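Student: Got a structure for you, written out below as structure tokens; questions coming shortly.
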Amino acid sequence: MDKKINIAVDGTASSGKSSVMSAVAKQLGFDFIDTGLMYRAYTKLCLMNNIDFSKEEQIVSLLDQFDCQYKENDRIFVGQEELTSFLSDYEVAENIKYVAATVKVREKMVELQKKLAEPKNKILVGRDITTVVLPDAELKIYFDSSAEARAQRRFLQNQRNNVEPNVYEDILRQIQQRDEWDKNRAVGALTIAPDAWLFDTSNINIDQAIEIVIEKIKNL
């Protein structure tokens with residue numbers, strides 16, 4: 001499209017926001033940035049350095065060396081090392097909540113994400129994009145879906161990517177716990193921006209969701 005805009009997207013874990021908006025970006029020629037991968041990459045970096053997640057001073061100790069780069073085909077690098085294949089690890093999913101709740105980490109991530117949004121024609125997806133990172137975005141979308149639908153979605157995604165362990169009940173528990181953390185944490189809490197479009201993906205497939213979002217963007 002000719003008009004230069006930024007699209008800010010928030011939503012609950014595994015609500016389809018990344019897969020849908022990645023496809024939308026490709027069809028419309030936007031750059032797609034899944035900011036959640038930045039937090040996952042930092043969590044993996046902490047695990048690689050044996051960080052104790054109960055100690056905030058240890059969590060923030062790696063911020064100065066965190067050089068996160070988004071490359072083609074959704075590949076994530078920290079420095080020269082590609083971490084893409086590790087970002088869905090069980091240990092990452094279990095510990096990302098501690099990273100995301102750390103004030104200094106979020107401040108660093110927001111700073112990096114604001115830079116990534118320049119120039120326009122970016123789609124940024126995350127938890128506080130519509131409210132903190134890009135509050136002036138031309139379109140704000142909030143994705144949601146039932147916890148059960150999201151757990152099934154993640155379970156099937158893990159199957160396709162050969163991620164182990166992959167137990168539906170464990171995934172559902174993780175998602176429910178993540179929802180509580182996201183909505184109740186002191187910094188960067190997941191909230192619905194007053195001017196955001198609320199998009200429930202519980203009962204539609206990815207192709208339907210992509211079509212609906214593209215139509216919404218074209219009508220701006």
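Cβ from N, Cα, C; glycine included.
According to TrEMBL, the protein carries these features:
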type	residues	note
BINDING	GLY11, THR12, ALA13, SER14, SER15, GLY16, LYS17, SER18, SER19	ATP binding site
DOMAIN	7-218	domain 'Cytidylate kinase'
Student: Write out the long-range same-chain contacts of SER19 (ATP binding site), meaning residues 6 or more apart in sequence whose Cβ is under 8 Å from its Cβ.
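Tutor: Within the chain, SER19 (ATP binding site) has Cβ neighbours under 8 Å at ILE206.
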Student: Quick one: what's DSSP say for GLY11 (ATP binding site), helix, strand or coil?
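Tutor: SS state of GLY11 (ATP binding site) = strand.
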Student: Are there any residues in the same chain, six or more apart in sequence, whose C-beta is under 8 angstroms from the C-beta of SER15 (ATP binding site), and if so which?
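Tutor: Correct list: PHE143, ASP144, SER145, ARG150, THR201.
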Student: To what whole number does the mean pLDDT across the domain 'Cytidylate kinase' (7-218) round?
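Tutor: 93, rounded to a whole number.
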Student: Give the number of CB atoms, excluding that of ALA13 (ATP binding site) itself, located within 10 Å of its CB.
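Tutor: Result for ALA13 (ATP binding site): 25 other Cβ atoms within 10 Å.
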Student: Enumerate the residues of the same chain, GLY11, THR12, ALA13, SER14, SER15, GLY16, LYS17, SER18, SER19 excluded, that satisfy the criterion Cβ within 8 A of the mean position of the Cβ atoms of the recorded ATP site; list them in sequence order.
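Tutor: Checked against the 8 Å cutoff, the neighbours are VAL20, PHE143, SER145, ARG150, ARG153, THR201.
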Student: May I ask you to report the DSSP-based helix, strand or coil state of LYS17 (ATP binding site)?
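Tutor: Its secondary structure by DSSP: helix.
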Student: For a quick check of packing: other C-beta atoms within 10 Å of the C-beta of LYS17 (ATP binding site), how many?
Tutor: 29
Student: Across all chains shown, how many C-beta atoms besides its own are within 10 angstroms of the C-beta of GLY11 (ATP binding site)?
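Tutor: Total other Cβ atoms inside 10 Å, all chains included: 29.
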